[in-house]
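S.K.: Got a structure for you, written out below as structure tokens; questions coming shortly.
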Amino acid sequence: MEAPLQTGMMGTSSHGLATNSSGAKVAERDGFQDVLAPGEGSAGRICGAQPVPFVPQVLGVMIGAGVAVVVTAVLILLVVRRLRVPKTPAPDGPRYRFRKRDKVLFYGRKIMRKVSQSTSSLVDTSVSATSRPRMRKKLKMLNIAKKILRIQKETPTLQRKEPPPAVLEADLTEGDLANSHLPSEVLYMLKNVRVLGHFEKPLFLELCRHMVFQRLGQGDYVFRPGQPDASIYVVQDGLLELCLPGPDGKECVVKEVVPGDSVNSLLSILDVITGHQHPQRTVSARAARDSTVLRLPVEAFSAVFTKYPESLVRVVQIIMVRLQRVTFLALHNYLGLTNELFSHEIQPLRLFPSPGLPTRTSPVRGSKRMVSTSATDEPRETPGRPPDPTGAPLPGPTGDPVKPTSLETPSAPLLSRCVSMPGDISGLQGGPRSDFDMAYERGRISVSLQEEASGGSLAAPARTPTQEPREQPAGACEYSYCEDESATGGCPFGPYQGRQTSSIFEAAKQELAKLMRIEDPSLLNSRVLLHHAKAGTIIARQGDQDVSLHFVLWGCLHVYQRMIDKAEDVCLFVAQPGELVGQLAVLTGEPLIFTLRAQRDCTFLRISKSDFYEIMRAQPSVVLSAAHTVAARMSPFVRQMDFAIDWTAVEAGRALYRQGDRSDCTYIVLNGRLRSVIQRGSGKKELVGEYGRGDLIGVVEALTRQPRATTVHAVRDTELAKLPEGTLGHIKRRYPQVVTRLIHLLSQKILGNLQQLQGPFPAGSGLGVPPHSELTNPASNLATVAILPVCAEVPMVAFTLELQHALQAIGPTLLLNSDIIRARLGASALDSIQEFRLSGWLAQQEDAHRIVLYQTDASLTPWTVRCLRQADCILIVGLGDQEPTLGQLEQMLENTAVRALKQLVLLHREEGAGPTRTVEWLNMRSWCSGHLHLRCPRRLFSRRSPAKLHELYEKVFSRRADRHSDFSRLARVLTGNTIALVLGGGGARGCSHIGVLKALEEAGVPVDLVGGTSIGSFIGALYAEERSASRTKQRAREWAKSMTSVLEPVLDLTYPVTSMFTGSAFNRSIHRVFQDKQIEDLWLPYFNVTTDITASAMRVHKDGSLWRYVRASMTLSGYLPPLCDPKDGHLLMDGGYINNLPADIARSMGAKTVIAIDVGSQDETDLSTYGDSLSGWWLLWKRLNPWADKVKVPDMAEIQSRLAYVSCVRQLEVVKSSSYCEYLRPPIDCFKTMDFGKFDQIYDVGYQYGKAVFGGWSRGNVIEKMLTDRRSTDLNESRRADVLAFPSSGFTDLAEIVSRIEPPTSYVSDGCADGEESDCLTEYEEDAGPDCSRDEGGSPEGASPSTASEMEEEKSILRQRRCLPQEPPGSATDA
């Protein structure tokens, strides 16, 4: 401010002086003119006797005084204003200085502007012939000056932008009470009833008519054991406590219910709806303080279902979905419980033997029997593999499908998961418009089936049997029936049929109709298949998507479930004759949670999922029977947990909890997305991570009872399972084995944090990188992606189809646009009145598919707004060969609070030039989490009509996507399956990197991310630019050849104050390779590592000048001077001093698998012991004396080198022991750091080593496992343990934290030794009677002798699960 002020003062004073002098000159000039004027001069002298007034002089003095006063006032005003301006404090960050080269550039540009102006004026001005030689000289001098002062235009740098407030901050308003005109009780009831699905306005108003207010004083009970369990209780104000009683009369609080939450058990609601209501057994609820409770009787639902029967199927389905996705998810997947969740002894129907029927027979149906074709067997979709679009049958889990026999010529349509063109909206017009249609979608039934069932024009081919049987599988046998039963063994079915067999089957069909309460038995016609499986056959495998109902006729089916963290299966229960199995998965549409295995020969009826839904469409009450059989199998412990575990919803922008809140529960994400943000002491907010479907949130704080460390808010509407702290304590007391599982979960979190915090540098320095991509990579575990075009020229339809084709190779993918939505849900689907129905349908699609793509419209339509609201991530798609622009839709997007992360995707033609000007694309946008360059096939840019485009991509979808294409790379990035390549430093030994790269390409392993240190950063940058090992080898060989030159290093020598060389020659060699390429313009995402000796920290470079940061990462101390960072002037050295193999950084950037190649030198560890002191003369003698024993003692240079690489060595050990890293080290120890002249030899060593390693990978299916979706694999598979042991995180500490239980005042007795899974009868067993002595096989005489041992084993398993009741039946702790 001072310099401009002085300049202004000088300018003002000089201007006044010029004015005064100018005025004086004018006066003199006037006087001179007066004197010389012929007429005026004489007239003046004649009249000189009369005096003339002195008015002009007085006027001048007055004007001068006025000017002086004005100037003085202005000066005083400026001084006062200057003194009043507060001095802003200097920022705490680094002070940027104006460097000398920047000054040179500034003045050089100034001179060039002057030169250009002079040149233009000289060229435009016409000159005479005499001045032409002079002008030529001037032009020549100007050209020389131009050459001397020629300054290239500086490339733009990426502007650092902070995330907008909408990304890091949650909404301040909590709840909708303040902004809604509805009463609080209506809002609370709407929130809790919404758990049962969306009810239309008439239905909801009908329910509200049955609401009852109930006021409670402190200590009053809402309900107690023995009272009816037939209501939903919603807390309007106050606080309720959910308790379980103990044998000593004391109660354990398992859950606190705050205003807005409810107390209910969906299984109890199901009992009331199905007509099997029972009183409370153990659960009670009391008021912790004066409270007001809303009570909604479950009978209100029955009245609603009477008026709207289609809603019955939908509500029961939602209850089943909650049971599987909430209760089982929390208790099995995270707490490791298995057979504790099921009741092992219920009384099924007694079918065989039956009075008056021969024991050797089993019911069959109809008079004709023939072997079914592949059309009758539903192809089961294998996880991680798209279904075969040709409709060919897929092999079973063990390659042995079960042999079905069609009992009649079926006419039901074929069920299959369709891989169809998303743009093909034909056949979708009859989409869901009712609650049953929503249930149909929820059950994941093919749309074509629904169309045919409802009389649509599209009909799937009917299952037409043929006379040619399929190849006989090992798990099934040909049915042979003869009159001598000993000849058939355990296979009672054969080609002979009789009237007696037909009558038996009719009886079995009646039993099935009775069990399912089917009023019209003809509904089973053409929908039932008879199967016989040999001993050991797997009927269905855990995780299967397309499942069926199995009704056991003869024998039994064993139900197994894989244990958590163990490669073992545990038997849950045994399905006896007369039982249904598979109802839960059929009703929910979720994958099967157990494996069905025929431990011995078994015969059963099978109803496919599509046939069962058609039966339900004809008679909706059938769903009640199926649901009741599921509830009958649940253990009383599950019923208790159904009360305690909540299913909650958080709206977009709302905070789940805030930093510093009390930790009283753990959350599991069911669908949606959450973001975790931490607020530092300075008030700055930082993004910690994002959480998607299946992630566990808040477990560390809840188990350690620490306040919440971060604020977690919803990026979009999110559903969660809530596990209260008291419930967790109750489970730990009852099943102590849960403590081991909790220790495993907690140790993973704590060890990850300790690995970040206990490095040689503080966490804030950037040295400690969290090992889990879920914590640091926001674009991981995505479920929904919105695609937004920059301009109308972007081929959106072709782009989305290409991306969907690539994603299909990873998992089921759905593409939605406004046309598809209107075709499937009707023209009014996007109206505001259909808000909840559309949200529910979209949530179902998210559950049914690995990822959902939302294609926005070209303008800001309601569908575009919906896409942005549903998205976990927004892809902004532009054309890389066009001028950087900001689209109109993007400009509208900038004005809205969009919380989803944004990524820029630039499309390039296959034959076009490489990416350029990426920085300009990024700078003109607000904060983007990343960018990608895609080289697209020619068909993407071809101009075709929609019909031709559809025809083209039908052919494309018939082929599997190329894993090396850029769209496959984008698909892996979006699904969290990125494969990273990390190259270590080691001088000339790094030439072997290229050989390993060549072998990697030949093995077919794609690379999505490249990083490196030192020579690894150089090779990695070449590969990220070229994407070809051959071209990388060619350019690296030329550079290595230049490194063997002797003259350039000699000319680069300098006085060794900082380094031996000036670095100029080395800079030129690197610049010749990369020119002025920016990191942002590389084809592959790239990073390298340097050591910042100014801040004593590790620096990770992901943007900026490529050659400078490669040079900085290769800067050896003592040889080359540190490189000044162009951004902040910090001094950068070789990254190998701190992290020579940065696999952990690649992991933090979202890599699922990291291939790390180490070429560093290995230090000698077998050093000599010389005592407490060391004499240099003694060492000299030992070295000079040829007969003396050699001693291994490091010299001063080696000691300094080892000290410099201490952190690097420790980091390398961490990388080697990590489970995500594939560590490779070629045999290059015989080569030295500067052996660049042996390039080809070192390359061959790396190539041969890579061929051997990757050949083994191919034989061991390692590559296929890398490409398998991380969410389709068993997440509970045991992994390699981290060898790092931190003194503050031992097993004892974790056990003490996790095992901590409430004081004995809240002790709860387990009742029986095995909990409720005892001989204490449940309500269902009471109904069935006390007879437990039935025959398991139904016909002991008909069983083959080979199954006797299996029967004994089965009985021993059941005997192990039985226990004698230790207390009266009334004390059994069931719900």
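In case you wondered, yes, glycine gets a Cβ from its N, Cα and C as well.
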S.K.: For the candidates Ser362, Ser635, Ser945, I need the one that Swiss-Prot annotates as phosphoserine.
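M.R.: The phosphoserine feature in Swiss-Prot corresponds to Ser362.
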S.K.: Annotation phosphothreonine in Swiss-Prot: match it to one of Thr409, Thr464, Thr861, please.
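M.R.: The residue tagged phosphothreonine by Swiss-Prot is Thr464.
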S.K.: To which residue among Ser118, Ser372, Ser663, Ser1356 does Swiss-Prot attach the annotation phosphoserine?
M.R.: Ser372
S.K.: Going along the chain, which residues at least six beyond the ends of the motif 'GXSXG' (1012-1016) come within the CB cut-off of under 8 Å?
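M.R.: Distant contacts of the motif 'GXSXG' (1012-1016): 982-991, 993, 1088-1089, 1113-1114, 1134-1136, 1139-1142, 1157, 1159.
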S.K.: For Asp1134 (active site, proton acceptor), which residues in the same chain are close in space, meaning a Cβ under 8 Å from its Cβ, but six or more apart along the sequence?
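M.R.: Within the chain, Asp1134 (active site, proton acceptor) has Cβ neighbours under 8 Å at Gly985, Thr1013, Ser1014, Thr1090, Thr1091, Ser1113, Met1114, Thr1115, Leu1116, Ser1117.
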S.K.: Could you give the number of helix, strand and coil residues in the motif 'GXSXG' (1012-1016) as assigned by DSSP?
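M.R.: Once the DSSP states are binned, the motif 'GXSXG' (1012-1016) shows 2 helix, 2 strand, 1 coil.
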